[in-house]
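J.: In case it's useful when we look at the structure, here is the feature table from Swiss-Prot:
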DOMAIN    44-73  domain '4Fe-4S ferredoxin-type 1'
BINDING   Cys53, Cys56, Cys59, Cys93  [4Fe-4S] cluster 1 binding site
BINDING   Cys63, Cys83, Cys86, Cys89  [4Fe-4S] cluster 2 binding site
DOMAIN    74-103  domain '4Fe-4S ferredoxin-type 2'
Amino acid sequence: MAESPFKADIERAQKELTEKMTPGAIAYIPGSSVINKTGSWRVFKPEFHKDKCVRCFLCYIYCPEPAIYLDEEGYPVFDYDYCKGCGICANECPTKAIEMVREVK
């Protein structure tokens with residue numbers, strides 16, 4: 001899977017903020033999972049049904065992490081290395097083209 005186009009920007013911003021802030025339990029950058037793979041502790045994962053998708057991009061827009069990309073045709077592609085399995089994409093999908101299924105490892 002291709003590397004996130006946002007990764008370099010997030011890493012640079014994180015470095016700048018880290019130098020200026022005192023250490024603590026703060027989420028000071030949204031979309032930090034692109035730097036830290038979080039897919040290994042997911043319980044549910046999104047399963048995509050292309051035949052139901054109307055390419056509204058709501059899943060892409062609402063994903064709190066940059067874990068959804070759009071392919072050349074405008075369909076979502078899920079990067080399971082960074083998907084936390086929160087289900088926001090499935091909840092926002094108006095046609096139920098995304099279903100949350102139990103992760104099997």
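Here the Cβ of each residue, glycine as well, is placed from N, Cα and C on the backbone.
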J.: Whole-number answer please: how many Å between the C-alpha atoms of Cys59 ([4Fe-4S] cluster 1 binding site) and Cys83 ([4Fe-4S] cluster 2 binding site)?
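T.: Counting only the Cα atoms, the answer is 12 Å.
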J.: What number of additional C-beta atoms lies within 10 angstroms of the C-beta atom of Cys59 ([4Fe-4S] cluster 1 binding site)?
T.: 23
J.: Inside 10 Å of the Cβ of Cys53 ([4Fe-4S] cluster 1 binding site), count up the other Cβ atoms and send me the figure.
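T.: The answer is 18 other Cβ atoms.
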J.: Just give me the nearest neighbour of Cys63 ([4Fe-4S] cluster 2 binding site) among the binding-site residues Cys53, Cys56, Cys93, Cα to Cα.
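T.: Answer for the nearest of the binding-site residues: Cys93.
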J.: Other residues near the [4Fe-4S] cluster 2 site, CB within 8 A of the CB centroid of Cys63, Cys83, Cys86, Cys89?
T.: Pro46, Cys59, Tyr62, Pro64, Glu65, Ala67, Ile68, Phe78, Lys84, Gly85, Gly87, Ile88
J.: Of the binding-site residues Cys83, Cys86, Cys89, which one has its Cα closest to the Cα of Cys53 ([4Fe-4S] cluster 1 binding site)?
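T.: Comparing Cα positions, the closest of these binding-site residues turns out to be Cys89.
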J.: Based on DSSP, name the secondary structure state of Cys59 ([4Fe-4S] cluster 1 binding site): helix, strand or coil.
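T.: It is helical.
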J.: Cβ within 8 angstroms of the Cβ centroid of Cys53, Cys56, Cys59, Cys93: which residues besides those meet this for the [4Fe-4S] cluster 1 site?
T.: Val54, Arg55, Phe57, Leu58, Pro76, Cys89, Glu92, Pro94, Thr95, Ala97, Ile98
J.: Please list, in sequence order, the residues in the chain of Cys89 ([4Fe-4S] cluster 2 binding site) that are at least six apart in sequence and whose C-beta is under 8 Å away from its C-beta.
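T.: When sequence neighbours closer than 6 are ignored, Cys89 ([4Fe-4S] cluster 2 binding site) has Pro46, Leu58, Cys59, Tyr62, Cys63, Ile68, Pro76, Ile98 within Cβ distance under 8 Å.
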J.: According to DSSP, which of helix, strand or coil covers Cys53 ([4Fe-4S] cluster 1 binding site)?
T.: coil
